[in-house]
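Undergrad: To start, I am sharing the structure in question, which I have written as structure tokens.
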Amino acid sequence: MISFFFKLFQKFINYTDIPLLMATIVFVGRSNVGKSTLIYRLTGKRVRRGKRPGVTRKIIEIEWKNHKIIDMPGFGFMAGLPKEVQERIKDEIVHFIEDNASKIDVAVLVVDGKAAPEIIERWEKRGEIPIDVEFYQFLRELNIPTVVAVNKLDKIKNVQRVVHFLAEKFEVPWDEIDKTFIPISAKFGDNVEKLKNRIYEIIRERRGQRE
């Protein structure tokens, strides 16, 4: 009975109304998937961004409500940059996350919900592990709680189909899909509050495990 009421309480609680001690939240994703726009929607603070892929090329830290937001450079294709430079940036992202894994409370992997299925299938046809899939697995191997923000909700015709496709490729159990994938529109703000609540929920779970 107690468990039932606790779950009911969790369903209606707004985690953003409850203060938290400083948490570190890392945003990662391919270039030009909307990370900086999403961070602006969440925090009200602008990060340098643009239409050319790869505008954010340095690690950017933002203080927000006593928390630390880390905007990682986009990985993958970056306009005007040689392949070796792109690989070096990816390596820097990997090393930073590996070195700071114990300090990271939650990672938000932002994917382009409209383009991701086609990109993933293209990589698989080449016999390669899609970079979005590889990065999700990398975060999980480091035991960093990860939520996937499926961006550009406003451009997706069948959201459920895309989410289930990603869940299969990311090897996420069916009973964890709703907690792992949050379809959003960073451009229009759709479901951003839901994502924020999920981030806070993960932080609380993380803090409980550390106590």
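Just so you know, glycine gets a Cβ as well, placed from its N, Cα and C.
Here Swiss-Prot flags 21-205 as domain 'EngB-type G', drawing on sequence analysis. What Swiss-Prot lists as GTP binding site is 29-36, 54-58, 71-74, 151-154, 184-186. The Mg(2+) binding site annotation in Swiss-Prot covers SER36, THR56.
How buried are these features, and what lies next to them?
TA: The Cβ neighbour count for SER36 (Mg(2+) binding site), using a 10 Å radius over every protein chain in view, is 23.
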Undergrad: Please report the DSSP secondary structure of LYS152 (GTP binding site), reduced to three states.
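TA: Assignment for LYS152 (GTP binding site) reads coil.
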Undergrad: Which whole-number value in Å describes the distance between the Cα atoms of GLY29 (GTP binding site) and SER36 (Mg(2+) binding site)?
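TA: SER36 (Mg(2+) binding site) has its Cα 10 Å from the Cα of GLY29 (GTP binding site).
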Undergrad: Tell me, if you would, which residue among GLY29, PRO73 (binding-site residues) has the fewest other CB atoms within 10 Å in the structure shown?
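TA: Each of the binding-site residues GLY29, PRO73 was scored by Cβ atoms within 10 Å; lowest is PRO73.
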Undergrad: Using the alpha carbons only, what distance in Å do you get between ILE184 (GTP binding site) and SER36 (Mg(2+) binding site) once rounded?
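TA: Cα of ILE184 (GTP binding site) to Cα of SER36 (Mg(2+) binding site) measures 14 Å after rounding.
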